[in-house]
Amino acid sequence: MKTKFIFITGGVLSSLGKGLSAASIGALLTSRGMTVTIQKLDPYINIDPGTMNPYQHGEVYVTDDGAEADLDLGHYERFLGTSLSQKNNSTSGAIYYKVISKERRGDYLGATVQVIPHITDEIKSTILSLAKSSIDNNTPDIAIIEIGGTIGDIEGLPFLEAIRQLQTDLGRQNCLYIHLTLVPYLGTAGEHKTKPTQHSVKELRSIGIQPNIILCRCEKPIPDDIKAKISLFCDVEKDAVFSAADINNIYELPLKFYTEGLDQKITSFLNLPTKQANLKPWEQLVNTINNPKGKVTITIVGKYVGLTEAYKSLHEALCHGGIANEITVDLQYVNSEIITEDNVNEIFKGVDGILVPGGFGSRGIEGKIESIRYARQKNIPFFGICLGMQCAVIEFARNVAGIEKANSEEFNPVAADKVIYLMKEWYDFRNNAIEYRDSLCDKGGTMRLGSYPCTLIKNTKAFKAYQTDSIEERHRHRYEFNNIYRDQFAEKGMIFSGTSPDNTLVEIIELLNHPWFIGCQFHPEFKSYPMKPHPLFKDFIHAACNHNKQ
């Protein structure tokens, strides 16, 4: 079957949930037996989000092939249950970079390079490349394209022009436009207001795009008379106006859309096979979430806690661990900068597990180290990820191994004992090459990125969790454990339970005499799915359950 395209745009304001809507539509179509892929196009000028402040962008998601991508790719992977790649995310910066590089090579044969047709053609090429990609050896039946930003943003215009042209290029029967917009409910008036939606659609139509379906983001489901009004003023069929009301948890969204008949409308418009959707796994998932058998409290000690989107995949992975154990996970975020030896008892009173996530820079580091000391001494389940593992190494060095001035080269380049140091080289198995780095390298795209193999030692907590001695996990770091301290740490009770296959890089540490204390250099949250929770998160929450029962 020829690949058909669904384009999703957003209006009125940002953060309405285009990514979740795209992921849920993808899940519905997948449940009907179709092969689906999703792409996010971001209008910002950065090549990728790798160097952006988490407070501005949120989490930077990492794919198997090493792309630093928008957090929406996490939603796509979790809802589709599949791995995506660099092809599934692009930006204005990446598009312009390709066009300018072609111009410098002389590919345009002396033409005046312009937004139309050169930039728009490159955008179309990026979109159409999805139709040529293979998913489990199958060409995708459906490619869902989410356009970042909001209708009316100047930087998004080339993307809108490109998807407008694609309808002519591919045929109307192969393209569907879905517009997600806000329909606010005014309590004082007692009604939903449609004017923002009308103006948003008017703006979209002025560009040349007529939406086929309108998703109405709202606090509560909109009544039929409001749907009829939107249908009239926005020139869409009444049965093509759908509610996207607030829900208790995001995994209910595919079921809500199914109840509304959204997937049926999409398959009808695109003339897709009408195989019945199998949503039993989603129903079982939601039932487990809504009927927990207990609760544990996990404290996340980080530096970006003012915006929980900075830890989106981590949040979801912990919830997946709860699903696997049939319990609710109550997450508490604590700013590491406020943690001291004097208040640590009060901050962690009643918690069942402590997690220190990834991050960069020295701000708040001592608070993280103090949190780890507390977890180690009080036998509270501890999970350190990336920087969290490195902080665990520093804490162990200072307070157990007797290396009082232990530090990371990242925080103190002239430290006497750099137990964490800058990686100068590593083997990239995907490209069969040695990667070289130093402190003068560019910041963007130069870390150890993507999926790398790891060998586990039997009879360790890590091996018990994974039930295998060979795994692959996704990385995003430039600092690593300093091997000259391995023997010294091992003598004091640290176990290096996971390493690179050549044993040169430490990937997982754990403590011998502790109920559950694990640190990993990789990011396991990027490979956790609601239907298949990650082994480490499943085991961490299980350990928290045991602590809760004490």
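Positions of Cβ are set from backbone N, Cα and C atoms, glycine also.
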Given that Swiss-Prot assigns SER14, ASP153, ILE154, GLU155, LYS193, THR194, LYS195, PRO196, THR197, GLN198 to the CTP site, pick the one from LYS124, LYS227, LYS229 that the record assigns to that site as well. LYS229
Of ASP70, ASP72, ASP107, the one that Swiss-Prot places in the same ATP site as SER15, LEU16, GLY17, LYS18, GLY19, LEU20 is ASP72
Same L-glutamine site as TYR55, GLY359, LEU387, GLY388, MET389, GLN390, GLU410 according to Swiss-Prot: which of ARG164, ARG478, ARG486? ARG478
Looking at the binding-site residues SER14, ILE154, THR194, LYS195, GLN198, which has the shortest Cα distance to MET389 (L-glutamine binding site)? SER14
For the binding-site residues LYS195, LYS229, ARG478, which one has the sparsest Cβ surroundings, going by other Cβ atoms within 10 Å? LYS195
Return the residues near PRO196 (UTP binding site), defined as same-chain residues 6+ apart in sequence whose C-beta is under 8 angstroms from its C-beta, sorted by sequence, else 'none'. GLY11, VAL12, THR181, LEU182, VAL183, PRO184
What's the CA to CA span in angstrom from THR194 (UTP binding site) over to GLU146 (Mg(2+) binding site)? 23
Rounded to a whole number, how many Å is the Cα of LEU387 (L-glutamine binding site) away from the Cα of ASP72 (Mg(2+) binding site)? 23
Report the member of TYR55, ASP72, GLN198, CYS386, GLU410 (the recorded positions) whose C-beta atom has the most other C-beta atoms within 10 angstroms. ASP72
